[in-house]
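What follows is one structure encoded as structure tokens, with my remarks underneath.
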Amino acid sequence: MSSDKIKNIEHTLLSDNYYILNKVNFDYLMKSGIWVNQMREVYDRGDGAGILLYNKEKKTVILTKQFRMPTFLNDNENGFLVEIAAGMLDKDNPEACVIRETEEETGYRLKEVKKVYEAYSSPGVMTEKMHFFVGEYTDDMKVNEGGGLDSEHEDIEVLEIPFKEAVSMLNNGEIVDTRTIVLLQYTIIHKLLD
Ligand SMILES: Nc1nc2c(ncn2[C@@H]2O[C@H](COP(=O)(O)OP(=O)(O)O[C@H]3O[C@H](CO)[C@@H](O)[C@H](O)[C@@H]3O)[C@@H](O)[C@H]2O)c(=O)[nH]1
Ligand SMILES: [Mg+2]
């Protein structure tokens, strides 16, 4: 992290109640050559990883459905969101995280996953970088019912749906999670289920 367009960076902690919210003050050198002072609130929850599971024979994908309060507060009628399996890295590397989260959330124990993208989730506000994976699943990889961790009050529904139906949900606006859109589009572009 270094830039000759930025100086005097100061962090002020606004909240460390659960994750970390800082006010970051800095001087920024405009294209015009003038230094201006700027402030940004930056939310730090660490990085995340997510995966689209697909089955080549059945031409199905595994998605999850769960309540997301921030979406309920902003226009998502009942607050439930259809998503890829995903979680925060905690202390794991992205691959280990995505294998752990897949088993916790969907009940499938994966052997192999393929990293396809790395991208910032919401670059104006959050530090979070998201690691995107795809992975093949088969019925015999199912080791439990999934659903998430009771200890964290996760209440996740596991959806196994035809890929065609997932694409319809993408096109008719039923899927409104960016990470899920990204991986469904990846699957279309790279013809994983043609
Ligand atoms: N008590 C409390 N619990 C929280 C809070 N924020 C999150 N949690 C809990 O922390 C756990 C996080 O579960 P993960 O599966 O690791 O993360 P996720 O919420 O699915 O996050 C994934 O999706 C996010 C949304 O797009 C991504 O931001 C994230 O990187 C990851 O991919 C969940 O049980 C959630 O309820 C909070 O403010 N307070
Ligand atoms: Mg999750």
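Cβ atoms are placed via backbone N, Cα and C, with glycine included.
Checked against TrEMBL, the range among 87-108, 109-130 recorded as motif 'Nudix box' is 87-108. Across the residues of the domain 'Nudix hydrolase' (44-183), the predicted structure has a mean pLDDT of 97.
The binding-site residues under consideration are Glu101, Glu105, Glu154. Their Cβ neighbour counts within 10 Å are lowest for Glu154.
Taken residue by residue with DSSP, Glu154 (Mg(2+) binding site) is part of neither helix nor strand, so it is coil.
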